[in-house]
């Protein structure tokens with residue numbers, strides 16, 4: 001299939017599979033263990049039905065929204081995905097340009113193959129920085145300061161990775177960062193290289209560097225070293241929602257790490273409403289995971305999300321066609337979301353209500 005024939009973002013996955021070395025494609029595409037949650041992140045969307053409203057004037061449909069005080073073109077943002085130069089030589093720089101052009105937010109991974117300074121140098125754009133907490137807190141403080149100086153607007157603190165999930169394809173492939181690349185944010189700190197090991201080089205790197213003792217007190221500690229708002233990424237329960245808010249989180253990202261950590265956790269779309277209800281409007285709640293269609297975005301917003309983050313489709317678009325591929329992924333999701341809103345009878349984001357959808361549980365209950 002030629003890239004000109006791509007009609008939805010899922011088709012980029014197969015194109016990326018054909019283009020990338022097996023080790024690299026498997027790293028991006030795979031989930032943990034049995035990959036049940038990986039499949040469920042998609043399947044759970046299919047169990048939600050729309051209740052569209054009709055005879056509403058949808059001549060104009062306004063997709064704009066506000067996230068943490070920033071006006072963006074649509075409630076579709078880019079999730080942090082590591083090591084993007086494995087997908088395309090321009091890596092995170094191509095993604096940053098495409099996201100800026102689309103008028104939305106990019107989240108840069110700690111484990112990017114381009115530094116925060118390099119990403120800032122491509123020009124203006126609203127960017128968040130995803131943070132892993134290293135055992136050496138000076139490294140963390142230094143990284144946060146650099147992100148602030150480079151004009152990043154928020155920290156997305158990943159809290160579901162005290163140890164790396166068991167990703168069996170990475171073990172089989174003995175995954176390691178290709179030798180011509182480094183984790184660019186750590187180059188000067190002798191933490192930029194990832195050695196080849198007998199299993200997953202990334203798992204060994206995480207075991208050596210990432211702080212397993214990370215706890216809620218560290219969310220408070222982060223607030224002492226930065227004025228940037230902190231989004232807690234990796235919350236899927238009401239209990240942790242309460243604790244995140246008590247710890248000063250400015251927002252919550254419902255995420256299961258792209259189904260790459262603990263297998264057999266709920267799909268993020270299934271966990272979303274529990275988190276939204278527990279947050280009680282005190283902080284915005286975002287969804288990360290499984291979004292492949294504009295209809296998925298509409299479902300997430302109907303369940304109370306303030307926006308969604310998209311990961312793998314962006315990387316697969318990047319692998320296939322560089323910056324143009326990322327632009328097309330974002331444009332297709334935007335177009336689909338606009339059409340879904342119009343067909344559901346919504347002319348602006350604030351029109352999207354819980355009554356626009358029905359969950360599987362509600363359908364079963366209505367039959368009792």
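Cβ from N, Cα, C; glycine included.
TrEMBL: automatically predicted annotations, no manual curation.
Per TrEMBL, domain 'FMN hydroxy acid dehydrogenase' is recorded for 1-362.
Residues annotated as glyoxylate binding site in TrEMBL: 27, 132, 167, 257, 260.
If you look up TrEMBL, you'll see 80-82, 109, 130, 158, 233, 255, 288-292, 311-312 marked as FMN binding site. Taking Cβ-Cβ distances under 8 Å and a sequence gap of 6 or more within the same chain, the neighbours of residue 82 (FMN binding site) are 109, 110, 111, 112.
Within 10 Å of the C-beta of residue 257 (glyoxylate binding site) we count 23 further C-beta atoms, all protein chains included. The active site, proton acceptor annotation in TrEMBL covers 257.
The CA atom of residue 292 (FMN binding site) is located 16 Å away from the CA atom of residue 257 (glyoxylate binding site).
You'll find the Cα of residue 290 (FMN binding site) roughly 10 Å from the Cα of residue 257 (glyoxylate binding site). Annotation for residue 233 (FMN binding site): spatial neighbours 130, 156, 157, 158, 159, 160, 253, 255, 288, criterion Cβ-Cβ under 8 Å with sequence separation of six or more. Rounded to the nearest whole angstrom, the C-alpha distance between residue 257 (glyoxylate binding site) and residue 80 (FMN binding site) is 10.
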